[in-house]
Amino acid sequence: SSDDSTIKVWDLTRDSSGSNGVTHTLTGHSHGILGLWLHPDLSSPTVVSGGFDAMIRIWDISGDGPHGTCVRSMAGHAGPIVAIEADRDRILSTSFDGTLRVWRWDGQEALSIDAHNGQSSGLAIVDEGYGIAAGVV
C-alpha cells in the first residue's frame, strides 16, 4: 500500500543503478493505494490498483519509460477499495462500503454483491474465478 498516492514497480533481478530497482512509478490516484494486482505473466505487464479515492485503475507498464499508462479508470464503490484480484476474464474488488464488485476488463461493472455488514478487507479467487472468498475486518 502507499500513502503518497503512487505505485512503484520493482525488477528484483535488475541492477538497480541507483534506482533501487524501481522500473515504473505510476501516478493517478488522488489518495493512498490499498489494493494492487500485478499480472503474473510479465509478457502482459498489467497492474490493477484501488485505494482511498474509491477508483480502480488499470495500468499498462509495457513501455521502457519510468511511468506506466493508465488505460482505464472505473468508479462504483462508495468507499476505499481495499483488495483487488483478477483473472483472464474479470477484475474483482472489495471496499469499505461492504460490497464485492466484479468488473470486465473493458471497465464495465458486471456484478455488485452486498457482501458484508462490515468493511471488507481481503479477497481471493479460487480456480480461475469459480470460487471467490472475501474477508471482513
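Just so you know, glycine gets a Cβ as well, placed from its N, Cα and C.
Among the features that TrEMBL reports, repeat 'WD' is placed at 1-20, 26-62, 74-113.
For the repeat 'WD' (74-113), the number of residues in each DSSP class (helix H, G, I; strand E, B; coil) is 0 helix, 25 strand, 15 coil. The residues of the repeat 'WD' (26-62), classed with DSSP into helix (H, G, I), strand (E, B) and coil, number 0 helix, 20 strand, 17 coil.
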